[in-house]
Amino acid sequence: MARANRGEHSTLSTFWQSRHNAASFDPLYRRIDVNAPEPSDSATPEKTPSKHFIRQAIDADLASGRFDGVATRFPPEPNGYLHIGHAKSICLNFGLAKDMGGTCNLRFDDTNPIKEDTEYVDSIQEDVRWLGFEWDNLHFASDYFDQLYDWAEQLVKDGKAYVCDLTAEETREYRGTLTEPGKNSPHRDRTPEKNLELLRAMKAGKFKDGEKTLRAKIDMASPNINLRDPVMYRIAHVPHHRTGDKWCIYPMYDWAHGQSDSLEKITFSICTLEFEHHRPLYNWYCENLGIHHPRQIEFARLNMTFTVMSKRKLLQLVKENHVTGWDDPRMPTLVGLRRRGYTPESIRSFCADIGVAKFNSTIDVIRLENSVREHLNSVAPRRMAVLDPIKLTITNWPEGKVEMMNAINNPEDESAGSREIPFSGELYIETEDFREEAPRKFFRLKKGGSVRLRSGYIVDCHDVVKDADGNVTEVLCTYDPETKSGEDTSGRKVKGTIHWVSREHAQKVTVRNYDRLFKVENPDASSDTGSFLDHLNPDSLTTLTAHVEPALAEAAVGDRVQFERLGYYVVDPDSTDGEIIFNRIVPLRDTWGKIEAKGKK
């Protein structure tokens, strides 16, 4: 029976632990509410690509003496779960620090208490550690609220910031457009003394939400809209998850981000490409405060086929019950991929494989799927499972005889050893592996044909049993005792090999065959009147009862295996002592590629 208790060890768990040391062994993580795995040692991407443009820029800055070391950070906002796109940033920032003997901080940009929660703080830390990284320092932007406020007063005193009474809607109207300059706020020319008085009144809670803002005084005619007197502070009488009710004004992201980098002595602030036009503002704040000035470098964010990455859309999927939660195995979240059975090694390898680019592009999800196939092919033990069974009876098998067959655990790894599988006169095979009348190139079992049973014997089909509707319910075969795998003396050659389980000894399990959540490459490119939800794949989950070999009866949560000839599977946390549940990670081959190829013909 399945054991969800991670302190217990099954045969498969023992197998996995013998294959990996503590840093790489990964029992599948819990559903969001159970203990996280132990932090692993600092890890680096599995592949070492040639130097990308960010590495070249860092090398140049170090050579010129602009900086004397590498200090990076991963700065998520704790308002949701991380997804595969964040994994790219994590691998990049932590990987650069590791490769170059530097440091990498984990900093939570917790400047918006309306959307943030400690649940996300905890889950993000778990995800970073699960990927194999450990931060040098853990920080929160809220740790710097006092210093940020002091610097705001400094800019006010210097005449470089002012308190504005415009509403949010009026502020947008005054900002202008990409083709039209903005207009100065009617409050832009207040004296520094008056602005300081108003700012302190804002801090003291004397105004309502949205009544006033603090804005930087830069240039309302700038071609860069981000420099048109950006808001630095807004009023929000909302308790903060760390500071409580101490503050009723909160810094905007652009104001908090660069200054937090500066306080932590970050040297390279690596951001995704959408922040490229924010870089002049990042620089303006550092220069006008006269503080340590990190270099901001942007790279292309990860976009992937058959996937949506928008936090808003992912939230919609959860809220409208299109998925079971943030950790649904069809979601691109790290908690979802983790529950699906993806390994941290495969995700790091994927991030290294796709590289770092300056321009946005879309990566084929096949590359992510292939990364986990490649990793699990080398480490996952093989087991036999029949998902859609039909009975196969060996008519010349001695009655009551059970023979133990020796089966290799992993042909890619000799040290993985072998196991014993019971073989009897009544077996289950896959329904699709038999045809009463088969096409010419059907090399599996057919009436009048022969096939090898993996790790067993060659069998010859001589008849079938049908029900009242004419459906085949049983396949009748004889076996050739001279053809036992590993001891074959018959000299017979057959073209097909199929898997099987002994009917008497098979264990019943639940299998969840997960597939891609969307049926089109780009769900965001919806029709004029439609929505990305119109492209949901109705067949993204199929649940069935399967029959598996006895070795899987003791499978524990997190055990990953290859169901021979079918795909890679992992034991789901929903498993109980009475029911083992296997999630399909990926099939052995890219079935979508075949479907698309047929569609193009």
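Each residue, glycine too, has its Cβ placed from N, Cα and C.
Residues or ranges marked as ATP binding site by Swiss-Prot on the basis of sequence analysis: 77-79, 83-89, THR272, 301-302, 309-311. The annotation L-glutamine binding site is assigned in Swiss-Prot to ASP109, TYR253. Look at Swiss-Prot and you will find 76-86 tagged as motif ''HIGH' region', backed by sequence analysis. Residues or ranges marked as motif ''KMSKS' region' in Swiss-Prot (evidence: sequence analysis): 308-312.
On the structure: features taken from Swiss-Prot.
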residue: GLU77; record: ATP binding site; contacts (Cβ under 8 Å, 6+ apart): PHE108, ASP109, ASP110, THR111, ASN112, LYS115, GLU116, TYR253
residue: ASN79; record: ATP binding site; contacts (Cβ under 8 Å, 6+ apart): ASN112, LYS115, GLU116, ASP117, TYR120, LYS311
residue: ILE84; record: ATP binding site; contacts (Cβ under 8 Å, 6+ apart): LEU302, MET304, THR307, MET309, PRO332, THR333, LEU334, LEU337, ILE347, LEU368
residue: HIS86; record: ATP binding site; contacts (Cβ under 8 Å, 6+ apart): PRO76, ASP127, LEU334
residue: LYS88; record: ATP binding site; contacts (Cβ under 8 Å, 6+ apart): ARG301, LEU302, CYS351, ILE354
residue: THR272; record: ATP binding site; contacts (Cβ under 8 Å, 6+ apart): SER89, GLU298, PHE299, ALA300, ARG301
residue: SER310; record: ATP binding site; contacts (Cβ under 8 Å, 6+ apart): ASP524
Among ASP109, TYR253, LEU302, the one of these binding-site residues whose Cβ has the fewest neighbouring Cβ atoms within 10 Å: TYR253
Residue distribution over DSSP helix, strand and coil in the motif ''HIGH' region' (76-86): 3 helix, 1 strand, 7 coil
Segment-level pLDDT (mean, integer) for the motif ''KMSKS' region' (308-312): 93
Tally of DSSP helical, extended and coil residues in the motif ''KMSKS' region' (308-312): 2 helix, 0 strand, 3 coil
Secondary structure at THR272 (ATP binding site), reduced by DSSP to three states: strand
